[in-house]
Every structure is written in structure tokens, then in C-alpha cells.
Amino acid sequence: MLGLEKKDFRLLMIVVVLTMLAPFILNPFPAESALGETFNAGYPDLMQRFVIFGIFAIGFNILFGLTGYLSFGHAAFLGVGSYAAIWMMKLVTLNVIPAIIMGVIFAGIFALAVGYISLRRSGIYFSILTLAFAQMSYALAYSVLTPITGGETGLQIKSTDRPMLSNLEPGEIGRANLFGMDMRTSFELGVGDWLFTFNSGYYIAAFFMLISFYLAIRIFRSPFGTMLRAVKSNQTRMYYTGLNARPYTLAAFVISGMYAGLAGGLLVAMDTQAGPERMFWTASGEVVLMTILGGVGTLIGPVLGAGAIKYMENILSKINKDILHEWFAILPDGIEDFLVTIIYPFVGKGWHLTLGLIFMAVVIFLPGGLVEGGQRIARLFGRKKAKGDGEEATQSTPAE
Amino acid sequence: MSKTDLTRRGLLKTGAVAGAGVALPTIFTAQSAAAFTNEPTGGSVTLGFNVPQTGPYADEGADELRAYELAVEHLNGGGDGGMMNTFSSKALQGNGILGKKVEYVTGDTQTKADAARASAKSMIEKDGAIMITGGSSSGVAVAVQALCQEAGVIFMAGLTHSNDTTGKDRKANGFRHFFNSYMSGAALAPVLANAYGTDRKAYHLTADYNWGYTTEEAVKASTEAMGWETVAAVKTPLTQTDFSSYIAPVLQSGADTLVLNHYGGNMVNSLTNAVQFGLRDKQVNGKDFQIIVPLYSRLMAKGAGANVKGIFGSTNWHWSLQDEGSKAFVKSFGTKYGFPPSQAAHTTYVQALLYADAVERAGSFNPCAVVEALEGFEFDGMGNGPTLYRAEDHQCFKDVLVVKGKENPDSEFDLLEIVEVTPVDQVTYAPDHPQMGGAEASLGSCNPGA
């Protein structure tokens, strides 16, 4: 169905169900309980981040997972997409659709320029070139292009902005909308002690994520995708057969840049501001981490990786000493203090440490990322399938 | 035999019932009952402390968090009460805010606007925070302030010195107690004229980002007004760690004064480089060469070590101040943590108390009532002497300290000495001052959300 094989279609349907039911899945604990206050992730901002960075990682995976070209500068396209989107909102219309389209277009053009130059080299030289371009973009946005990018303070929609197509009252601060629907409109469903939030912005972002995911499946399964895998496997051999790999890699680079631009445009659509930090090299590194953590070259992996990292950044980093003391309050004082002392370095400001440990564990024990972990668990508990069966559903076998 | 035929009437009925069923839950949502965002309903109220816990300003963030914890303790009636005893407004009773116990959530801004907004949003959407405060960078402050304006909660800015926060980017829901670049310039100029004369040639090195620009503009404007000449103003990349290549041209330029519009690690490195190059032992135009650092903090002075000796700068507050408020704060902070508070800790502590007091006086947590209570509010007893929260731009106007690196420090905390307390009149400006965004800048109207 939809031009997909049965297994891929099943995977797509699973993702559709998961994204649509995310408010339930991410709020497993009662809202007022200690666990709920800490671990519930089903609030609009974080859910939006999950799917937006999911898009970013899916796009990155098309380049990295298929061709093996490791770009260290993809945050630059995210940033360009954001700036294009916010200028569209400031100047033309507050509707998010044109803004997102502009984000994709500008990121695509910029990716074409960067890719054209960077792809002349491969391996580490390619990575360093993209890194250099990204840092250059960051420096430009931070200081030199301050009139366009707002410099350190970034860009927001201000009361003095008068988009051409939006009728705003004087002094009114425009808000991002989809044909009149505010991105922040939420519908809250209370069931007993549980509270589930359905946010319009999240569902718009999720809609784009599903389209991106579907497109990614089609690309993975297409002859074009096969060609990209061939590039990863052995480029020299391809040249000997008379194939020029560069148009294919450049196309993959631009496509992944446009995915990043889409993510950047969506970030602005959900939260109308853009700043240079989202182009900083650590932001580029983050998407690499997401892809590797989730599973390079798999369809669902990057989305899982993005979710895992954003969850830790937003949830683990908020656990402070007081919350820990609350958890262990029933224990005797000595043990309570001991446990808090042990755990505290790993949460709050130490969330990077936990992330690092998990990353190490994944790389050492699950080279295929979280996806491989999932498959192993499924194999343990599920029906004992033939080994190759479950694997193909989600993981594209490496070309080597 | 059962019939399953659909009639028109039956379909309408079913549709109406199903529709009502779908619509029902909306009636019971918290949103529809509340008059404003995150109205506290139980016996407690949640404040959001959004500070940098990782990244370049983590030290300041840690000190801010200490101050917030102290403020919460005092608001809930614990500890010795600190500045609540010296605060001119006596609305706070030590029983929380409006009888509700104060609770708090913390977040990590990472000194990045995106991360700070994500963290603030989670405090508002998930934890139900009624007020967000903190931050240690102007970019972050401007971004989070705009977020709070949209969401309908109050933002009490932490450490942010750029003019823009209450200048061109001011917002009705945002307030700043900390001073700004303009005030630094205005406070420094007369002291510099006294110490170094009115006939000097200044060379500026400026960190290449927004805060650097506003500081350079402010210091240039105020020193030129008293007769100084600006020879050159050179931008330096923020990531620069070695400034020697920027220092060498200073001597050839004929300038006799170097102004370092740098902050944090930048300032530590550039000042160290300048001193190593022997700038301070040079004589130019028949005068001793001088270095000036417009914004000082104790943490920076500590980093620069002996190099700060005798160098002028401005600061919002210093723990050696001898007024009752400062003494009370230093005492309770020192008792709890074992060392004196930084200016970051002071400003955030004061902001937390000012917010709580405004809610008490307004009798409501509604952001618009709080805005009304804070606008034009005059108070004393929080250090810095009598202070006004100006209604036009939500900026605090108070005395500004001009400090100098101490020649013979007694301890690692005693690095700066107060040279002059610049009276508030000297640092006051018009709300539509060109450096503050001119006539175009406006607060907009307060937003209670919901």
C-alpha cells in the first residue's frame, strides 16, 4: 500500500499510531504524582521537539546512513531554514506553511552550495569541510550578519513587525498560525488523575514527520537509495564501472539539507524565534549522536535516538537535589544522603554524563543502536522468528 | 430479527450524543476555569529558576541557584529572613506568597536561547510555574522574556547587562533589577575624568556580539561627552583566547587608554595579555597608559588574578557594601554557604523577593496585577539604596558602583574595592533614549495568558 512493501507499510503504520497516541504514551504517570511530575514528557514543547528533531535525524540518516558521508555541519541548514522561516513570518505572512516552505527552499540552496564544495573530498576531509562551513555560518549569524540574524539576541516577531498578508492591530504582536489556528491551542483531557494534552502544533509537526518518514522509506527502497548504498560500499569500484557517484551524493546531501531546513522551519513555526546557537557545532554533533544512538542506516533509529537525547536533555536535566531527597525521604537519613550523593552527579547538570554512559553502552554492546536493542528484546520475548525476518522490517542491511 | 438500517433521525441523534461526548472533557479542563496561565490552586505556588548549570556561565548560574534557594527559604519563613527584614515594603510575612508555600523547579539554560526556552516552556507547561527567573546572558534573557510574554507569566531577569533587555526588546511581562551598559558608561565617565583627566585617547577592544556592541556604544558616548577621543574600536571574536595580536596595534595607534568591552573568559584573557605586554608600564602622550573594564564581576576578577589591581570598572552590587540590606544578605548567604555572594546571586535574590512582594501587595498572582504592582514601585533596603522600578521600561534605577581592583587583597573574595557609589540621578536616562531603541520601543500590554 502507498507504494510500500508489506513490512514497510506495517512499520509506517506503527509510527503513525505511536505519533498520534504520543500524548498518552508520554504521560504514563498520574500528573500530580512524584513520578509524573518528574518523568512525564507529554507536554507540547517536548513532544514537538521529539518529532522535529526526528525529522532532522531522518534527513541526516539519508546522507550518513546510506552514503556513509559523515557531515559535521548539518545544524547550519537547520539554522538557515529557521532564519528563512522567521523572515517569511516577519515580512509576508504569519501562516506557518509558507514559512516552512521557505525554510526548506533556502536550506536546500545553501546545502547545494556547501555540498558542491565539500563533496569534492571524502572521509575525514569531508567532515572537516562541513564542520568549517557550519562554524562559519554560526560566526556570521552571531556577529557579522547581526542586521539580518539579530546576532546573539536572535530574531523574534515584534510588535513593530507588520507582515504584508496579516491584518494586525497596531502594536499587536503577531502569532504563528495555520490558517488562523494558533500553534499553541491545546486540548486537555483529564482521565482520573491522568492528564493528557493534545496540542495543535504538535500534530502539525507530527504530520510533517510522518510525510518525512514516508519519503525516507521510499528513498531507502528506491534505485536511488541502492545507488547511495553502493557509494557507501565502494566508491572506487563504482567509478571503475563508469558511474559518477557525485551527482548521487550531492542529491543525498541536498535532500538531507532540506530535511534539516524543514526541521528548522518547524522549530520557528512552533516557537517563533531563531538564534545562532542552533547552528553551533555541538548542535551538528548532536544529530550525529542521535543517528548513531538510534541506529545508523535504519529507518526508525534516528527518530528513537532524537527522542532519547531530547528526553534526557529536557527531563533528566531538571532533576535537582530537592527532587532526589523527596524520592528517598522514607529511607533513613544516612542512606537517603548516600543515595542522593551517588545519583546526583548523573542528573541535573550531570545529564551529559548519563548520556555519555548510555552512548558508550550502546556503541559497545549494541553496535546497531537502540533499534538493535529492540530487536534483541523482541527476539527474546516474541515468537521465535527466523533471524533475518525481523531485521529486515526495520533495518536495512549494511552494504558491506 | 434485528434491524440495522440507519435512519436520518437516528444518525442525527447519534451524532449529537457523540459530539457532546467528545466536547465534554473540555468543560473540566484546568484551562477553562483559570483566569490566567498557571493560576495556583492548591496550597503551594511554583516558581521556575532557569539558570545556566552547564556551559561558560555555569559558575554564575550555580551562585544564582544558591540565592534562589535562600530566597525560597526566607519566603517560607525559614532561616534568618535575610533582606526581608531590611526591605522597605513589609508585605511579606514569611508564610510563603499569599499564604501559599513556595516551591520551585530548576532548569538548565546551557547559556543557549533554544535550551533556555525549552527549559522555561517545560516549567510553564509541565510544572505549572507562575513566574520564570534567572539567566546569565542577554541573548537568553531576551529570548525567555519574549516567551514569558507570549505564555502569560512574569519574567524576572537575572544577570543581563545589555541595553536591549529593557531597551528595544522590552516586554510588559519582563522586569530587570540588574543595571545595563548605559548605566555602566554613565557611572564610569566622571570617575575616569577625575582619575585620568579629560584629555585622553581611548582604544576599544569589543567582543563581537550584541552585548559588546551596546557596551562599546555606551562607554564611547559617555567618555566622548567628557572630552575623550576614541581612536579606534576593534571587534574581537568571542571564541578568541589569545588577544596578543589585538594588543600590539594599540601601542602604535597613539592611544593612551584601553577599554576592554569583554566579559567572562574573554576579559580574563585580554586583560592578562594586555598586562603581559607591559601596557600599564608604558607612557603615551606624556601620560601613564591605563586599562578600563566596563563590567566587572568578582568571578572574573578572580580569574584575572593580580592583573586587575588598580583597574577601574563598574558593578551592580558588591558584598562589601555597608548598608543594612547588603549586610543582612551577606550574613545569611555566608552562614548557609560559607562564602560571600556574587552580584549575580544578589540580583536574583532581590528579584525573587520583589516578585513575591509584588504579588502580596497586588493580592493576586495574575501577571497583570503583578505588573501594576511593580510599575513605578519604589523601595529601599535591598542594597544600592533607594530604587525605582520604572514603569516605562521595567528597568530598576539605583546607585551604580564604580570599583577598582584591590592592590592588597585580604582574601580570595576581597578582590575589588568600591571607589564611588554613583548616585542614581547620574545614570538615569529617558525611556526613549536612542541607545534603548528610541521612540519605537514599547512594552506592549501585559499578557495574563489563558
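Every residue gets a Cβ built from N, Cα and C, even glycine.
Heads up, TrEMBL stuff is auto-annotated, nobody curated it.
Taken from TrEMBL as is:
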TRANSMEM  A:9-26  transmembrane segment
TRANSMEM  A:46-64  transmembrane segment
TRANSMEM  A:71-89  transmembrane segment
TRANSMEM  A:95-117  transmembrane segment
TRANSMEM  A:124-145  transmembrane segment
TRANSMEM  A:201-220  transmembrane segment
TRANSMEM  A:247-267  transmembrane segment
TRANSMEM  A:287-306  transmembrane segment
TRANSMEM  A:327-347  transmembrane segment
TRANSMEM  A:353-371  transmembrane segment
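Using a Cβ-Cβ cut-off under 8 Å and counting only residues 6 or more beyond its ends in the same chain, the transmembrane segment (A:46-64) has close neighbours at 19, 22-23, 26, 70-71, 74, 78, 199, 201-202, 205-206, 208-209, 212-213, 216, 219, 228, 252-253, 255-260, 262-263, 266-267, 270-271, 287-288, 290-291, 294, 296-298, 301-303, 305-307, 309-311, 314-315.
Contact check: the transmembrane segment (A:201-220) against the transmembrane segment (A:353-371) gives fewer than three Cβ pairs closer than 8 Å, residues 6 or more apart, which falls short of the contact criterion.
For the transmembrane segment (A:71-89), the residues of the chain that approach it from at least six positions outside its boundaries are 56, 59-60, 63-64, 96, 98-100, 102-107, 110-111, 114, 118, 126-128, 130-135, 137-138, 141, 148-149, 155-157, 163, 174, 176, 253, 256-258, 260-265, 267-269, 272-274, 276, 278-281, 283-288, judged by C-beta separation under 8 angstroms. Beyond the transmembrane segment (A:95-117), the same-chain residues lying 6 or more positions past its ends with a Cβ under 8 Å from any Cβ of the stretch are 73, 76-78, 80-89, 129-130, 133, 165-166, 176-179, 183, 204, 208, 249-250, 253-254, 256-258, 260-262, 264-266, 268-269. Among the stretches A:9-26, A:124-145, A:247-267, A:287-306, A:353-371, the one making the largest number of Cβ pairs under 8 Å with the transmembrane segment (A:327-347) is A:353-371.
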